[in-house]
Amino acid sequence: MLAMVCTVQLMMVRMSLSMALICMVAPSHHHHRHNTTFETSHQNNQKLVNADAICPQQSDNINIEQLHIGEFNWSKSTQGQLLCSYFYGYILGIYAGGVATDRWGGRLFMLLSIGTMATTNFILPTAANTHHRALYAVRVIQGLAEALGLNAHQYLLTRWGTQQDLSLLTGLSYAGFPLGVMIIHPLVSSLCLHGPWGGWPSVFYLLGGLGAVWTLVASLFLHDSPSSHPYVTPAEIQ
């Protein structure tokens with residue numbers, strides 16, 4: 001259960017900014033009404049028909065800017081860099097995380113991973129309001145933390161799973177990735193429109209709170225192997 005909740009949180013943090021950017025960034029252009037014409041044929045005679053004559057527009061249409069009021073004037077290039085920054089940290093952490101986990105165990109780096117993600121989620125809104133480069137740095141750290149967490153996650157699975165149930169445990173724990181995607185999409189949409197603290201910041205405060213709770217619970221019950229767990233008897237290990 002701890003492993004599945006961990007992968008759910010990892011995926012939610014990874015996807016959170018790509019969704020939240022929609023309500024963080026101001027519209028780059030106004031929503032214009034286009035006067036479109038269609039060419040129709042009637043008894044071999046060509047004529048142009050105004051689109052409004054076919055599909056008249058109602059006067060109570062909601063302008064997209066009424067629903068989308070962003071506060072950051074970031075260019076498309078800046079937004080792309082912010083989204084990529086997570087994976088720069090991820091690439092850096094894959095190899096380093098594997099080496100570190102083999103040397104010092106999975107528990108330490110699993111707690112460090114989720115704990116770091118929780119902390120950076122709490123400071124992410126402040127970083128975004130400071131400068132986009134500060135947000136860039138936060139996302140690099142989050143990507144690095146996820147890489148450490150995934151290495152530690154796999155390490156713990158191989159230590160706790162037997163040959164008979166390792167495949168089942170792996171499948172259940174990695175099911176958290178698609179589950180995290182299913183959760184984060186409607187969650188971000190709802191919080192952006194109705195959340196406290198200005199809408200989008202509540203996304204990251206919530207993720208930070210969930211990560212802090214997981215870290216606290218895991219610090220009490222998570223161990224590197226059955227032999228290091230104080231409540232697992234030698235008979236159970238056999």
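The backbone N, Cα and C atoms fix where each Cβ goes, and this holds for glycine too.
According to TrEMBL, the feature signal peptide maps to 1-18. Residues 82-83, 86, 110, 113-114, 117, 121, 139, 142, 146, 149-150, 153, 156-157, 169, 172-181, 183-185, 187-188, 203-204, 207, 210-211, 214, 217-218, 221-222 of the same chain, all 6+ positions outside the signal peptide (1-18), place their C-beta atoms under 8 angstroms from a C-beta of that stretch.
According to TrEMBL, the transmembrane segment annotation covers 80-101 (among others). Within the same chain, residues 14, 17-18, 21, 74, 109, 132, 135-137, 139-152, 155 sit at least 6 positions outside the transmembrane segment (80-101) and bring their C-beta atoms closer than 8 Å to a C-beta of that stretch.
The transmembrane segment annotation in TrEMBL covers 108-128 (among others).
The feature transmembrane segment is assigned by TrEMBL to 168-188 (among others).
Below 8 angstroms of C-beta separation, residues 2, 5-6, 9, 12-13, 16, 19-20, 107, 110-111, 114-115, 117-122, 124-125, 156, 187-188, 191-192, 195, 197 of the same chain, each at least six residues beyond the ends of the transmembrane segment (203-222), sit close to that stretch. Annotation comment: TrEMBL describes 203-222 (among others) as transmembrane segment.
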